[in-house]
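The structure appears below as structure tokens.
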């Protein structure tokens, strides 16, 4: 999703901006640009496509200057063109800015500005803000005593008219030493150096440049100059901020010999699952322990309902969590799309605990849904991967995945780690209630086998390659599973959709008869997730129904299943694990299948079209 | 889905069988067959495709006889071939039967029978039962005093070995005057005549032949001869049965000038909605009234949770019901896929009310889920269209849709009537709780406008034709909506999938960013359901995101929306109704869109491939 970087200080801005934008690449974008203040003029360079294209555009002697802002854009209003790339110019060039977020009332504002004579060069909502700030400057007289304040006032006037979300970095032609930043609903981090200050939409670009950072909060503005920085509340004046250490996890971001981050991350899963469980399985008491829940056992014992909310892949892990928690702890669980929950206002009982699930911790919809339920007085917890992310700060407490940075846009290891954390939470809540010591102990033993089972599942790679070769040219695929493997079907379909652009769709296997089976013909394969379990024979009957209509069948089946080969056209084998842990193992061949098919189709596996790694707009 | 007919009496069996099978056609099937007992031999005729083909096969002088059984098959095991069509023969021809349902352990039984020397001519699970009955006859000595009992015993022995579901009609070479029927999980109805008895999988084929019927229950066997009929429990001997009048609704099954039943049913919606509301809106008390809930106001006041369960289109109306009941009555609602609920065993509170929603009342998964929750002591209610259907008999009470027979396989008027009934239930529960007299009165007034609004929505037909013409050749479509129009998106996508075989998929509009947007390109249109409402501007922003990636946009928008034309490529207008009632109006253009696209693609609108009208197998 869109990314922001900014620099003001005594060094050349360009190199930090380019390096910073490269660090943000993994979030997904379709165009990029930088603006560098040369003292008298601001030089803007924009480019469609990758950062490499932008670097080429800048050439060997890029514009010099000690103040600059940069941006990667994920298109929301208007296609990915040169004109729509940031930075955008306001007025006659007196304002230059980059913007993350979505402005909902931009059309109205744009119409008014056009009436006033402002000319628009792009389709974006962001250009509206640039002109608004220019208009704000017109309206604001100079302030001799505090010259910077005129610019702050202009920005305050401009953002007061916006409906929507924004993270802004703004430079001014007349101020070669000052950046103003503003945040509402779109994260911004200030990096504190010595005589130089940095700005970024998350902490990643700051690694190596500074070790002290400040997370801006909603409604805050910041003024950055080489002499120092100050943060103001939009309406209430100056605020004191906490300078925190920049926590970075180990440098797990090289490819380490793999062709793609996605493949590397798929293969990291035995390790990332181990990390998710490290120190959290308590054999002594046959339960799980978590450090950061920030709730007393009494409070947790009082939980009568659980809501799990998330988007995309995290929504799928929430579905797995529903089955796990309801089975092990007998606490009723509701799974909600975060984007629906935030506006829906459903009746929620007292003693309901809300979990927001997001890899990045920055997913706008999940963050908003969590804040909305927290505002209503419910306890909220986060399950996320990125330490000190927005959701980790917003929730009452939470559980980190410790999966290491996930760079591939299609989530893999974060998904299995989420399932793993939810299994431990189910064990924990279960042991508080109906689950016996023996039952808890058995689950712990089974969980300890998981990294080995996933390791073994990865050996299906060879089989999967053959299957990928055979089906790489299909246009449609159905993914079908039941109970614990219904979310697996959804997740397998999403993976294929995301990186190969094949229309894949997941369904509960039995639901297929109620419509989707109309799609079945010899060109539309169905992937059945059918390891041994309670509904094995039922799913087998559904498989027969597909076969009877001439549809090719790919089965993800247990090693110990002699029957399956007589029905399915292709079989991929996975090791047997107890049903409650199957989602963590059975998804592995589906991740590999989508990877190999995408590769054979020549798709950009790590940076699929149209997608962003963490979706920080609504 | 599969259908059964049977006849024993003094007239020619053939004509009843053929007419009966024609009456069952609307349920969807892919092959058919009849067996007529000629006295010494049983003559079997089978055919792939329509009943007309079977009639052609039978020719002008069909085999004569006064006992016969017939079948329409919807393939579950093995493709739709001549060999797999019913009736099937057991042993050396001494047994002939037709079967509805699915036998899960058929492979095991088949292997054993092959070892014993039985020869199989088909891939079906049903042929296994035929041979099993033959084997049962071998094992059972003749019974001189009660000669029929030998055959009953053989059938009892056979069905005792089956795991799965069955509705069976069995004829025997040595018994030209006797049919044995058996039921478990697949409905059978006996028609009681004078000196003649009928059998069918639902009451439709019996209309005109008799007015007295008996619904068989699970585990029952029936023996039909021209002298009379008797019903036995599988293990407990003879049972007394109730003979009921055959209730039939008016003869609304002609096409009345429309080209297809589906189109006729779409156009019937103003009337069917009116029928759903008739006598149920109480202006005096500003609430709704229902005749058949069979629960006291005190019991209903005590309801603290509601579960809505169904399959396919009914599952979509359940999602609408969730939004309605949670908003108007503030009772938390869970929506469950019936096929998942029946095996999942989720924790369910006391004071939970379970609704099973199904047009036909025969949907196997919904029926089983309802029975499972009833068995656990929860109160159960049915929302269904077919009077005296299995679910109506199984539930504690319920609400009929009164939509008249729905013949098109793709449900249209039943869906809007389900939404309408759920709105009235929400009003009723709301008025028991937080909803004021004024609030109830306003909703009643708004509901009374509904038939008119749907009538007005139907006038979009001309616009829809143009849109259909433009997009008829696409391979993929996304349907996007939020809140009340999210289920509409799912339902619109399902309609297109069912009858045009285009891969369409519905999503909450904001969820699209988390994966599905990867599918968007110039060949993949998105249908946005975006009437005025609380999330209008949010959905507009999602629409911009799709436009920015070059995807064509079709908008279903309010008449009073001047802005939409500047963004969407095609706009279909619908009248404005309050948000809670929008699902009933906004689905109309989507029904028409799928109809016209399917027509342009040359698809069989009323009998789409692979599908069955009511899914009576798991």
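Each residue, glycine too, has its Cβ placed from N, Cα and C.
Please treat TrEMBL annotations as automatic predictions, because they have not gone through curation.
Since this is a predicted model, take the numbers as computed values, not measurements.
Straight from TrEMBL, the features:
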DOMAIN    A:2-227  domain 'Glutamine amidotransferase type-2'
ACT_SITE  A:2  active site, nucleophile
DOMAIN    A:296-435  domain 'SIS'
DOMAIN    A:467-608  domain 'SIS'
ACT_SITE  A:613  active site, for Fru-6P isomerization activity
Per-state residue totals over the domain 'SIS' (A:296-435) - DSSP helix, strand, coil = 67 helix, 28 strand, 45 coil
Summed over the domain 'SIS' (A:467-608), the DSSP helix, strand and coil counts are 69 helix, 28 strand, 45 coil
Rounded Cα separation (Å) that holds between residue A:2 (active site, nucleophile) and the residue listed as 'active site, for Fru-6P isomerization activity' | 10
Simplified DSSP label at the residue listed as 'active site, for Fru-6P isomerization activity' comes out coil
Average model confidence [pLDDT] within the domain 'Glutamine amidotransferase type-2' (A:2-227) = 92
